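Annotated in Swiss-Prot:
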type	residues	note
REGION	85-176	region 'Flexible region'
REGION	101-167	region 'Disordered'
COMPBIAS	128-146	compositional bias 'Basic and acidic residues'
COMPBIAS	153-167	compositional bias 'Acidic residues'
ACT_SITE	Cys254	active site, glycyl thioester intermediate
REGION	258-339	region 'Handle region'
Amino acid sequence: MNILHSTLSTWRDRLAPVSRTSTFRNTGQITPEEFVLAGDYLVYKFPTWSWADASSPAKRVSYLPDGKQFLVTRGVPCHRRLNDNFAGDAGLEDEIVRDFLSGGDGGEGTVADDGEDGWLRTGGGRDAGADHDKQEARIRDVRTVDESGNLGEQEEDDDIPDMEDEDDDEEAIIRETDDQSGTPSLRTYTLYITYSNFYRTPRLYLSGYLSPSEPLPPHLMMEDIVGDYKDKTVTLEDFPWFEGSVKMASVHPCRHASVMKTLLDRADAALKLRRDKLKQTQSRDEADRVLRAGGGLEGLVDETKNMSLGDSHHAQPGGDEWEMLQRDEEEQVAIRVDQYLVVFLKFIASVTPGIEHDFTMGV
């Protein structure tokens, strides 16, 4: 079934009409030219990423330039598997987080009724510290009950023997081995970003390694995928740009455009709020404080630097230069199309939180 699905997906991308009209702001989709532009920006800003070509001319797609068929980064570390204890609270339901990149707290009022445009934050739904304090309080309040059901006096801490005063039985000590499963905990991944012509969005493929010379069996890659995404959003597919059958985990792009559109809208709203605050400032120093305090989505793509006042702006409030700055602010957007893949990787990291995507974005 997977072979048939991979084949149909590949031919659907190759035969779909190529769009040359930019609808980036309205739909979250990008054209092949915009994908190349965003890829060039990613490679420039983060040199761990690079462009790559298909393994043979027959595997190339016509709507992307030779040598720029896909993006690749290698040796991305993944230190832990996504078991029940990942991110702290075992057994918690995954929480839909709609405002992760806009600096929200993920509480009530931030989760919309349609979860398609959201993404998952694992194990963060409760205050683990508060639960721990309550549990300790219950442990401390241990009393005896007599036959009549009356509570006895609470034991004082002094009555409890100190475990450090007891001698350890060497034969009873269970020593933890370095590797109880027989499988090294550290894995590395090679990440590929391709362009899906049918969905008009990027698509991520992942290929894992147990060591530099030992590929990770494809089914074990699912251990590094958030549970709700396994075999649904993330499936095992053949990589279309390589000869032969090279299985990789792939994040299906069917919802990428709607998620990216949501991120764009939220980033623009955050930027508009910052603009409104700037209009109320009375001095350059006050404006600098507003810019430094602002976080959110626009901060991910160096918008703070673009918005900051340069040393050449020394005009007093009300001067021509100050008014020109405010006019320039009105023309800016939070996320430019060439910055698309930077935000895309931040979003896609929620599918594989154990893989250190930020490693690929170090300068």
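Just so it is clear, glycine is given a Cβ too, placed from its N, Cα and C backbone atoms.
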The residue listed as 'active site, glycyl thioester intermediate' CB neighbourhood, other CB atoms within 10 A: 13
Rounded mean pLDDT for the residues that make up the region 'Handle region' (258-339): 65
